[in-house]
Each structure stands twice: as C-alpha cells, then as structure tokens.
2 protein chains.
Amino acid sequence: MSDYSTYELGDFTLQHGATLRGAHLAYQTYGTINGDASNAIVYPTWYSGRHWDNEWLIGEGMALDPAKYFIVVPNMVGNGLSSSPSNTPPPYDRARFPAVTMYDNVRAQHQLMTERFGVTRLALVTGWSMGAGQTYQWAVSYPEMVARIAPFCGSSVTSEHNKVFLEGVKAALTADEAFRGGWYERPPTTGLRAAARVYAGWGFSQAFYWNRVYRQMGYSSLEDFLVGFWEGFFLDDRDANNLLTMLWTWQNADVGNTPGFDGDTVKALRSITAKAVVMPAEKDLYFPPEDEAWACEHIPDAELRVIPGIWGHFAGGGSNPDDTRFVDQALKELLAS
Amino acid sequence: MSDYSTYELGDFTLQHGATLRGAHLAYQTYGTINGDASNAIVYPTWYSGRHWDNEWLIGEGMALDPAKYFIVVPNMVGNGLSSSPSNTPPPYDRARFPAVTMYDNVRAQHQLMTERFGVTRLALVTGWSMGAGQTYQWAVSYPEMVARIAPFCGSSVTSEHNKVFLEGVKAALTADEAFRGGWYERPPTTGLRAAARVYAGWGFSQAFYWNRVYRQMGYSSLEDFLVGFWEGFFLDDRDANNLLTMLWTWQNADVGNTPGFDGDTVKALRSITAKAVVMPAEKDLYFPPEDEAWACEHIPDAELRVIPGIWGHFAGGGSNPDDTRFVDQALKELLAS
C-alpha cells in the first residue's frame, strides 16, 4: 500500500487563487506504457479513497487489464497521500489548506500524464463517485486528449440535494468541540464517528438495509455495521481537515466552472468529444440516475447504462460481484469501440 | 397556540417498566362530539410537531370538517406539551426521562378518548409520519374501536434504513459537547443546527432540491433554506432531550411489539380489522412506498395510494396544495365508505 510514486507539481496555482508550494501527486501505475503511448488509462480516486481502493477493478481478464493497458491511479488532492492538509507544511497546513477544485485536480493529473509519461491521448478515463466527477472534468478540460470516458456513480455537477447531504456530514463532523476549527492536536473522533453515522444512511439504499445485505459483508447486526464498517471507515487514517478539503471540492464541483465556460454546465457537457458510457446506480441516493440521464442529454456521444440492484452508491465500490461485472463489461465494450 | 387542554394520566406505567408519575397529555379538539359519540377522529402529532402543526388538514369543506366530526389531536409524549423531558420534574426529568413506545402513546390516547370523552368507537385515526405510526398502533392495540385508518408517510415498523437515518440525526445532535449527556443548562445549539442540516437532505426529495422548490416556500437560496427553514425548525422551542425521547420512540416503533404479538410484525398487521387507506409519498426517502406496499400485503382490508410528486416526506406536511388535496380526497372517500 505504501508502494507508490510521487510527482512534484512544484508551485501549483489553484483556480481560487492560492499557490500550493511544493505540491505533489501520489499515484500508482499498473501495466506498461506501449510504444506509441496509446494505451494509457486514468482512473482517479474517490472521496477519501486511496489508490489501493481502486484495485478491485484492475486485473487480468478484466477491462482494466495491466497486460494491455497502462493504468494510472492518481490520488485526489486532500486524500492524505497527494498534497493534503495533513501533509502540507505551514503556512498552508491543516485548517489553512486552500480550496481545491475538480479542475485543479485534473490539471495536476494532466501535468503528470503529459510531462512524466509523455502521453497525449488517453484511451479511457473512468472513476467512481468523485472519481466520476474527475472523469467528466477530464473530458471537458482536455477534449483533444480523451477518447473515452466512463463515469460511474458520480456527476458532472454536484446537485443541490447532494450538497445538502454533504452539509449534514460536515455539520456532524465539526459539531465536535475537539475539532477546534481545524486546529485539533488529536483527532476529533466524536465528530468523525458522527459523520460516519450520517454517511451510513446515504451510502447504501433503503432496500440494502431492508434486506440486511450487510450480513453478506460480514457484519453481524445493524449496529455492528455502523461501528465496524462505517465508524471504522472514518477512523481509518482519515484526517478531519482532509475530509473537509475533499468535501469542499465535491460540493463545488461543476464542469461549467472550467475556464471558458463561464458557469454554463450544459455548454461544458456539449463540448465533450469523448465517447461516454455513463453508469449511475439504480438506487444511488445522492447521485440518482435522473441526474445522469440529464447529463447524457447534453453530451454528444453518450450512452446511459443504469447499474441495476440495491447497493445504492456502493454499487460502484467493488464489494458486490454483480455490480463489478456490470461495470467491467461496460468498460470492455467501450474500450473495444 | 397555547389554547389547549390537559388530560391527567396519573401514574402511568410504561411498556419498558418506568412509571411516569403525574403524566399528562396535552390535546386540542375541533368540532363537537355527537349524541352517540360516533363522529370521533384521532389525529396524533408527528416528530416534534405540536397540535397546531396538524391544523392544515382540518377545516370547513375538508374531510376533517369540525362541523361533522369531533377531531382530537393528542400531542405525542416528549413533544414538550405532553409529558416530556423538558417539563417533567425530577427524578424523571431531562436525560432521565424514560423510554416511551408507540404502544405507550396510544394507550395514553385511548385513556383520553374513553375516559374523558366516553368514546368507544373511532370513525378514523389518521396521521403523518410518526402520526402514521401511532395510527397503525391504534389499529393493532384497539381493533374493536377503530373503524378506519389512514396513515400517511409513515410506517407500522421502523425500517433499518430509517433507523440509520435517525442515528445520523442523533449523532450530530449529541456530538456537541454542550449537550453534556443531556444535562445542559443552555441549549446545545451547535448540535441542534447540525441535526437540522442532517435532516435537511432527508426531509425533501432529490428532485425537490433539483427544482429548487424551496423558492416557492419563500426561501431565497439553498443556504437560506438550510438556515431559515431547517435550523429555524430545530431551534423553534425544540428541546434536545425531547427530540431524543421522540427519536427513541421512532427508532423502536414496531406494531409487532404490542403485547400479545411477541415481536411478530406481520401477525400484528394481519390482526387489523380497520379499513385502511395507506398513503406513502412517491419520493419519501425514509418511508419509501415499497415498505408500505409490504404492510398493505398483510393488512386484510388495505388500499395503497401513493402520493405522487417530488415533495418527498413533506408531501404529508401540509405545505404543498396538490399533496394536501390528494390526502384530503382520500380521507373523504375513506370516511364515506
């Protein structure tokens, strides 16, 4: 897990004006770049995810086969491996870490792909959740470079309802006095656990809980799932300021805010030249299929494929074999086209 | 609003063993009881609601017409008017207020209806949300007394997903150190505001926010809605311990826990003799229509009528005229049958 590379971004000026000095991206690669550098895939991470959390979709015989493709997983800024509140020295450390947009993340990834690897064309960009948001952003920021995109369980613009869900997570986390406006010396674990409990209702669908599917995941009761899976998730080396940095990126995501589009999301979607397969999950509570159907109306070459079933947002998380097969099959067809 | 009556329950022993000494129900009545006491309707309150919050469904020309019916709105235990943590003297005050079930609430209401008003038959029991839960409980606890029920946007048993949603609300509220385990001297407003923000994502549907319907309600922006409506809601004389008392009642609601049914929810539903019209809202995020379809499968004489539209849980809150007409029309047909 600690086996990854670092790309130095140097003094990286962000869309909202701050300059992150000594910024860096942590990333991992799978497979080998071919002679004409035509087999590269970018597969960004999701909210609080690390590169190793993406590996379930990579493997022999899968669409993302390292024998065929050169797959790069860049860690999102703020996730604790790439530049983050938790690893940035003063004065931009901790609560002073600046606002980072999807556009910033993708610009950093673009620098990595072009300058380190000399890649000028990507066979595919794909990702789950905020990884899907970065996927959309790639297609808007660098249309000449992106041949195909496959965002799953994510969106091109964060809906108002999604923002509200995240407000709840943020409010719970920061209600803990131990958070101290971000200047904690010890983790605000009460707030982290509260945020986990708020998140729990959103991550999986009503039907997932009705059918107690968490038992298949090895949890013995509802409370065991809330503590063992959810609280464990938020306490697993997740720094509170890091979580809030990524939460800001998420709440403010909108491909329309790419320079040149002046806030016009539809115009940005229309500018996408990549062939797109868009995969929301049927019962995703914060990225509902309707929103992605709307996006597909505006992308010139887009196909909507709804992941069926009851796993909700976590249909794209790699825990349910049926959903993994669905996503993998779609990627295979898209890469063959 | 302060114009209501009080019924003394005396020493009221609760299902979980505590005795609330000097317990009371606050209630309001609308209309006049007729000669043979055959026109009584019970219309219980919802989570944190007060009797006046139910009045939108009562009026001339409506199904609940005070010219025809004697409508009693009992305040739920814990809502600050009936016996509650905030108004009970030591030793059962505040954080020591005992666990109260739906069964307890309805038993207290039964005492009010039979002993104060001499009513032995109810034309209808109806209610929204936790009021719907009390409605189901009436039909199971006193089948010989209840002719008709119309629960809307609520359930006979709290689903696991619904419990998780409430865990998030509770965790946010209690993460505030000012809560002090319930022994606060001043309201834990940070926690109350955090709970409000958590609740905001659940109360209305994704489509409600997508279409910015809050503007119709007089809110100028998303943040204005979060502060003006939601935080205002949770700060409007809502005591934290009261909220947690009602939350416990909600999380533990199950008609199967009525004495005699031994935890068997289906058996309890099968025992219902009332004619039922069950009205979940199409996009209710915590009382989804599937759950009520399931309940209707087990109630001998039940009709499912899904309230269409995008207001989510608040379809039953009285703010959207279309939804109000839908509920009122169903009540008219049910009362005429």
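Cβ coordinates are placed from backbone N, Cα and C, and glycine is handled just like the others.
TrEMBL annotations:
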DOMAIN    A:62-315  domain 'AB hydrolase-1'
ACT_SITE  A:Ser129  active site, nucleophile
ACT_SITE  A:Asp284  active site
ACT_SITE  A:His313  active site
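Cα-Cα distance from A:Ser129 (active site, nucleophile) to A:Asp284 (active site): 10 Å (rounded to the nearest whole number). Confidence in the domain 'AB hydrolase-1' (A:62-315), given as mean pLDDT, stands at 98.
Over all protein chains present, the Cβ of A:Asp284 (active site) has 29 other Cβ atoms lying within 10 Å. Separating the Cα atoms of A:His313 (active site) and A:Asp284 (active site) is a whole-number distance of 4 Å.
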